[in-house]
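*Asks:* Got a structure for you, written out below as structure tokens; questions coming shortly.
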Amino acid sequence: MLCFLRGMAFVPFLLVTWSSAAFIISYVVAVLSGHVNPFLPYISDTGTTPPESGIFGFMINFSAFLGAATMYTRYKIVEKQNETCYFGTPVFNLVSLVLGLVGCIGMGIVANFQELAVPVVHDGGALLAFVCGVAYTLLQSIISYKSCPQWNSLTTCHVRMAISAVSCAAVVPMIACASLISITKLEWNPKEKDYVYHVVSAICEWTVAFGFIFYFLTFIQDFQSVTLRISTEISDDF
């Protein structure tokens, strides 16, 4: 049996594949439609103009849902592991869940409020998604080290921390350079004064986004031993 079909492993696997497809399909459609420059557009640029805006909105909304489902399942896994073999305070786990869910809300805002229509709301959602997402990966990496070697291999811990470190290093210049850009636009000319800021922030944005994707890929092994059971009870009062 394929590894991603065992237990609940299909949840992070679906999150990874669906989110990757969302970014790639929106980018391809936007470029083929002539709406963005093929060289380093912002992720949001590829979901601003129809028809790619509809694709982007639908797929990112579902990615936010899958992200919330993955994070909550991960929270329950860590909670159960900590009850079985105590390795640290549950506060880290709870805080990481809250930050992760706030990041998913930010993704929903990004998906539903296009950057040219309501830039303030869109940018606020993007800030929530990226900052809370990076904080989530960092806390989960710390939890992984605390639960090693009982529940995680040292290699998995190192991989998670490496991805978190790269994401942390990329999110700061992403925000800094984006804040220095004086105008929101889709088409950029290399001769424009803010072009360098755009390129740097766009590189960092794509780096952080795919950092999240690769990070959730490391959850697949943990989710293989998890099962979901739904219990239905009917009260005699009815």
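Any Cβ shown, glycine's included, is placed from N, Cα and C.
As the structure is a computational prediction, the values presented were derived from the model and not from experiment.
The domain 'CWH43-like N-terminal' annotation in TrEMBL covers 8-225. The transmembrane segment annotation in TrEMBL covers 12-34, 54-73, 85-110, 116-139, 159-183, 195-220.
Tell me about the setting of these features in this model.
*Replies:* Tertiary neighbourhood of the transmembrane segment (54-73): same-chain residues 8, 11-12, 14-15, 18-19, 21-22, 25-26, 29, 46-47, 96-97, 100-101, 103-105, 107-108, 110-112, 136, 216, 219, 223, 226, selected by CB-CB distance under 8 Å and a gap of 6+ residues from either end.
Using a Cβ-Cβ cut-off under 8 Å and counting only residues 6 or more beyond its ends in the same chain, the transmembrane segment (85-110) has close neighbours at 44, 60-61, 63-65, 67-68, 71-72, 74-75, 78-79, 121-122, 124-133, 135-136, 139-140, 142-143, 146-147, 150-151.
Beyond the ends of the transmembrane segment (116-139), by six or more residues, the same chain brings 44, 48, 71, 92, 95-96, 99-100, 102-110, 160, 163-164, 167-168, 171, 174-175, 178, 184, 186, 205, 208, 211-212, 215 to within a C-beta distance below 8 angstroms of the stretch.
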*Asks:* Express the predicted model's confidence over the domain 'CWH43-like N-terminal' (8-225) as a mean pLDDT, rounded to an integer.
*Replies:* 92
